[in-house]
Amino acid sequence: MALSLSRLRHPLISRSLRLLSSSSSFSRSLSRTSNSGIYSVGCDEHRRLTSLSRLTGVCDSSLKPKWFGIRYFSSADSSHLVIGMPALSPTMTQGNIAKWRKKEGDKIEVGDILCEIETDKATLEFESLEEGFLAKILVPDGSKDVPVGQPIAITVEDQDDIKNVPASVGSGTEVKEKKPTHQDVTDEERKSEPTSSEINASELPPHIVLEMPALSPTMNQGNIAKWRKKEGDKIEVGDILCEIETDKATLEFESMEEGYLAKILAPEGSKEVAVGQPIAITVEDAGDIEAVKSSSGSSSSSKKEQTTQRDTKTEVKAQKTSSKRISPAAKLLISEYGLDASTLNASGPHGTLLKGDVLSAIKSGKLTPKPSSAKEKAPPSQSHQQSAASPESKSASASKQSDAYEDLPNSQIRKVIAKRLLESKQNTPHLYLSSDVTLDPLLSLRKDLKEQYDVKVSVNDIIIKVVAAALRNVPQANAYWDVEKGEVVLCDSVDISIAVATEKGLMTPIIRNADHKTISAISSEVKELAAKARDGKLKPQEFQGGTFSISNLGMYPVDKFCAIINPPQACILAVGRGNKVVEPIIGTDGIEKPAVVNKLNLTLSADHRVFDGQVGGAFLSALKSNFSDIRRLLL
């Protein structure tokens, strides 16, 4: 401890270490009586994670070993302790509340797990340092990007003190959402407002609000595909409540407690529901269901009335300003279609009517013709003809415009694929290496397996085995780039991701330890995983991870192509179709003769930070050798 104190430079931290080195009762009483006191303690980075999970605060990179601090926030006006978001890794500046293990009102013992926190490294358990009762949860399940040090919960020593905790505690340091002004309110912002704001918790009986869970590491929103339970249904532990479409697959959401499903807040088909947003309410007793329904229903109706009034004010203001500022392109369209500019909603800055606003109105078909003016000096007969022909021409133009294109909504999976592929091309230096291999030995082996052993395998199944054997022979190719460390990391196992096309997008189920499996075992596993991928039933462990990817378009008229790397992997192999070509071969008599052979093009897309020419050449050489002598893979 003396050595640690000598290396700490901040006087507050030194003072805290002396305070916390005393008895726990003294430390506890001190934290209760000091106003806004902050105490810190050092801890070795390599100690057990249960110790780290109790630590929060700052990290000084200059200290060896690295140190973490504990922050206590206390108030003299009541006997309670405010718990802040801990720093569970040296690089952690914020974290996500994955799950609360304790509920409000629960008894807490020293060492009890309060919640699970998702850091920049892993999901760790946060233990309690003191005994007491969990009075209030300030940051609910699923909360994202909670800064280190921000209050997440309040505990008290005595159960009777729970009701005495001021409602304002912790509110000053919570993350405040930006409230949109009347001018900034849009339909999307109103749609994304938390459903919990429509629920008056004080009027409800004892209940639990279920929130959209984070079912994959990259998930920040999901779609409610189907509710398995209806309002009023009895729920047991482990029952499937609903099916949620994530950025990877459609997964089942299980109930962690028994009770009754009182109210569904996010109905079937709800799109882009943010993680942490309430989706349902459960109660313990069946008699409380009606109370929940009536309370949430009345709150919802009043909320809708307020929203309608706000929308009306916004639309009126937009209409008033739209006639004052009109872009030149919008003016041209208004003149061409004979529209009334005062009836069009403006979305531009300062109420400017833009070209897109006019096109949206034309596409919707809700066109209001410009009223005739008495000041116009056109002959009456000509005006009559123009006004009579105008609606017909406008209707035809609007119909033609609406038939010009169709908007296709993207699934959650497609959105994530688009984002990740763009990031891959922008952030990963792609190196492309291509080679042609002879396919005849593979086709011969496949034919013999079917005729002699009645084993049916595809060309892709054998390619997976060939690639896995090459990765085992060239372990430098079975690696990835660690961005944080700035170095290459070799993978211990050969896990092959295979690209499977589904209606919702491209999925990549994984054949784990492919180098140790037979071709028939690989074939069976590929069929099973592909069927699950198409049905959206893949489990997270079946598509997360992987060290190498294969994309095969050989079933299409594609001779060769270049695939995009799937981060954090460093390689993907693009397999084209086989083609018959004429090549000179040496016959048994030693004379070179022309012959027809089947050739297959392989194009490797590699991360140039991991692969250089030597590693890429060695890997392609191993691949070509395995294709030419493919029967040795059976040994």
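Each residue, glycine too, has its Cβ placed from N, Cα and C.
Annotated in TrEMBL:
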type     : residues : note
COMPBIAS : 174-193  : compositional bias 'Basic and acidic residues'
COMPBIAS : 302-318  : compositional bias 'Basic and acidic residues'
COMPBIAS : 379-402  : compositional bias 'Low complexity'
DOMAIN   : 80-156   : domain 'Lipoyl-binding'
DOMAIN   : 207-283  : domain 'Lipoyl-binding'
DOMAIN   : 325-362  : domain 'Peripheral subunit-binding (PSBD)'
REGION   : 163-203  : region 'Disordered'
REGION   : 291-323  : region 'Disordered'
REGION   : 364-407  : region 'Disordered'
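Broken down by DSSP into helix, strand and coil, the domain 'Peripheral subunit-binding (PSBD)' (325-362) contains 24 helix, 3 strand, 11 coil. Look at the domain 'Lipoyl-binding' (80-156): DSSP puts its residues at 0 helix, 38 strand, 39 coil.
For the domain 'Lipoyl-binding' (207-283), the DSSP-based tally of helix, strand and coil residues reads 0 helix, 39 strand, 38 coil.
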